[in-house]
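As structure tokens, the structure follows; a few thoughts come after it.
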There are 2 protein chains.
Amino acid sequence: MGERRADRLEQALREAGVRVTRQRAALLRVIADADDHPDAAELHGRAVTAGAGVSLATVYRTLTTLRAQGVIEKLEFQGEPARWEAADQRHHDHMIDLDSGAVMEFTDERIERLQAEIAAEMGYEIVHHRLELYVRRR
Amino acid sequence: MGERRADRLEQALREAGVRVTRQRAALLRVIADADDHPDAAELHGRAVTAGAGVSLATVYRTLTTLRAQGVIEKLEFQGEPARWEAADQRHHDHMIDLDSGAVMEFTDERIERLQAEIAAEMGYEIVHHRLELYVRRR
DNA sequence: CAAGAGCTGAGAACGAGTTGCAACTGGAAG
DNA sequence: CTTCCAGTTGCAACTCGTTCTCAGCTCTTG
């Protein structure tokens, strides 16, 4: 599945001087294969199931490392444990279905533009933002 | 200062069948007086300084109760402990200065409208949303 | 003013995430 | 290929914000 992608990520890490260990490679694979938004425990479970011996502590350490490398992104929704997603995609915001827990992605250029405008008016520039819509089917 | 406001809130609670105890009254006062966004420990500190004997556990319990009554709102910014604000104000979003930690408020009708539009397009209605701009002075 | 539903304080428990430390590797240098 | 060691790992202990347990209060209502 996401082997190509994982290989690419490994390469990027090596070039950044980050050691690609058995555990890190396993996690890269799991993350590249995920099309949802798993939390640390879930990622750990998947890696272990895939036959990789990894401890949860290492999963956390690795996630921190990968984030510092800009390879993955951390999502912190209200109350729940943090979730993660590969970062090599277009920017997008999230919509959370309160009933099913499903997380959907969306973007809207107009909103992006308005945000920048508002910040600029107050003398700031946006470093990063977070927009989450908690919704219910109708 | 915020005595009028606190009295109004007390009244609302009583009417909702919630007992207004010494501790709760003290917290209502502290919250009505706050013009910033304090976390539980900070609120506890202020209440104690104001001469009220309150335990931290009760602060948490009371915050939960007040929130259920719609009297206050919980803000969960990235990583930090939750912060609280009185809810009897117009809706607004937040802008966080990454350098000073200052939290500013803003609203933009256009953004609100776009959000509703986007949700509607996907067959959802917004129950609640969260928009935070993490910014830096320029 | 008796009674019990509702509150409270103190501390133990919890859950996600982090850290200290001794035992291990990647992978660069020889 | 080996050697070597800074970078990693596993485990257990720890942190920190928050919640829970439970015995003892305290409001209200009858």
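Every residue, even glycine, has its Cβ placed from backbone N, Cα and C.
Annotated Fe cation binding site per TrEMBL: B:H91, B:D93, B:E112, B:H129, in sequence order.
The secondary structure of B:H91 (Fe cation binding site), as reduced to three states from DSSP, is coil rather than helix or strand.
Remark: of the binding-site residues B:D93, B:E112, the most isolated position is B:E112 (fewest other Cβ atoms within 10 Å of its Cβ). Under 8 angstroms separates no C-beta among the binding-site residues B:H91, B:D93, B:E112 from a C-beta of chain A. In the structure as shown, the Cβ atom of B:H129 (Fe cation binding site) sits within 10 Å of 20 other Cβ atoms. Of all Cβ atoms in the shown protein chains, 11 besides its own fall within 10 Å of the Cβ of B:H91 (Fe cation binding site).
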